[in-house]
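This report concerns only the one structure given below.
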Amino acid sequence: MAEKVNVCIVGSGNWGSAIAKIVGANAAALPEFEERVTMFVYEEMIDGKKLTEIINETHENVKYLKGHKLPTNVVAVPDLVEAAKNADILIFVVPHQFIPNFCKQLLGKIKPNAIAISLIKGFDKAEGGGIDLISHIITRHLKIPCAVLMGANLANEVAEGNFCETTIGCTDKKYGKVLRDLFQANHFRVVVVEDADAVEVCGALKNIVACGAGFVDGLKLGDNTKAAVIRLGLMEMIRFVDVFYPGSKLSTFFESCGVADLITTCYGGRNRRVSEAFVTSGKTIEDLEKEMLNGQKLQGPPTAEEVNYMLKNKGLEDKFPLFTAIHKICTNQLKPKDLIDCIRNHPEHMQTL
């Protein structure tokens, strides 16, 4: 790595802007980092003015993180290659569907000894069906190592400076320290583990469970039912990792990326909120995304679809009744009120005494 570590944030949505507050402050304060942090911003017009100009002049992302000032050393750049070309650390924080295209644009245009870290909670569709981990796509396309950061980190609360924890999954110990230094703050405590695949899978699967929690809220079934859905969701997450990513540690599920992220997403996240409105309003998920998320996309429904493809291929849908039911509700194959019937006889309840 260079004497001073250059950092680029690829993405500037709600979460990207919140993390820019921490990364920018650390880059300015710590001697190992270059002070200037570039942030790739998809250019759009806001009231007749370019979003990058607004961010660089006012140090506020008025579209995705209104009311929060970004550090002055975070510089918005509308050209992806220009933002990333000098980076030693690339922080990817964009909707997962953009990653293959971004990697194509960056191939051969970044430092060969750079490292990446993905903050993206979702899977991509693998060729031939199934799922591909975002960190694997980044490594495969860009030929650089890619760690992951996942946790109970609702963007607005992180931006407010409220205390929380996060988990970095990094298979190569030599990168663990520099990544922890870049993200650790008084209010944002980082634990580094080597079990990177499990950390990343947790970050995606919990969005499916959060949709289930939202359906329960929309149906007004109460806290006991919601707790049951969360617990069964955790058990299905553990089982899914066991089947498709064997060798992971059970302890990883008790880090912030696991049970903590699951709880916070099932009570406060956008997947829960939109899923509740899906039940109460009768509108489509697409319409609710436009209405409630400023055009941003939910991760839960597409992740449920990708996971269902994998379960179907292995004949395992009946072993994952919660994931299966949530997918079917999101695709209008089942009514939300059918959710509980689907999990009444969950494998978790079929113990032999």
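Yeah, the Cβs are placed from backbone N, Cα and C, and that goes for glycine too.
Taken from Swiss-Prot, the feature active site, proton acceptor applies to Lys206, supported by similarity to another entry. The feature NAD(+) binding site is assigned by Swiss-Prot to Gly11, Ser12, Gly13, Asn14, Trp15, Gly16, Phe98, Lys121, Ala155, Arg270, Gln299. The feature substrate binding site is assigned by Swiss-Prot to Lys121, Arg270, Asn271, with similarity to another entry given as support. The blocked amino end (Ala) feature in Swiss-Prot is assigned to Ala2.
Ranking the binding-site residues Trp15, Phe98 by how many other Cβ atoms lie within 10 angstroms of each Cβ puts Phe98 at the bottom. For the residue listed as 'active site, proton acceptor', the same-chain residues lying six or more positions away in sequence with a CB closer than 8 A to its CB are Lys121, Gly233, Met237, Asp261, Leu262, Thr265, Cys266. Trp15 (NAD(+) binding site) sits 14 Å from Asn271 (substrate binding site), taking the C-alpha atoms as the reference points. Overall, the recorded substrate-binding residues Lys121, Arg270, Asn271 cover a maximum inter-Cα distance of 13 Å.
Secondary structure at Lys121 (substrate binding site), as computed by DSSP, is coil.
When the neighbouring Cβ atoms lying within 10 Å are counted for each of the binding-site residues (Lys121, Arg270), the highest count belongs to Lys121. DSSP assigns Gly11 (NAD(+) binding site) to coil in the three-state reduction, placing it in neither a helix nor a strand. The 10 Å shell around the Cβ of Asn271 (substrate binding site) contains 25 further Cβ atoms across the protein chains shown. The 10 Å shell around the Cβ of Gln299 (NAD(+) binding site) contains 26 further Cβ atoms across the protein chains shown. Gln299 (NAD(+) binding site) sits 7 Å from Asn271 (substrate binding site), taking the C-alpha atoms as the reference points.
Fewest other C-beta atoms within 10 Å: among the binding-site residues Gly11, Gly13, that description fits Gly13. Neighbour density for Ala155 (NAD(+) binding site): within 10 A of its CB lie 20 other CB atoms from the protein chains shown. Neighbouring residues of the recorded substrate site, listed in sequence order and excluding Lys121, Arg270, Asn271, comprise Asn207, Ala210, Thr265, Gly269, Arg272, Leu298, Gln299, Gly300 (Cβ within 8 Å of the Cβ centroid).
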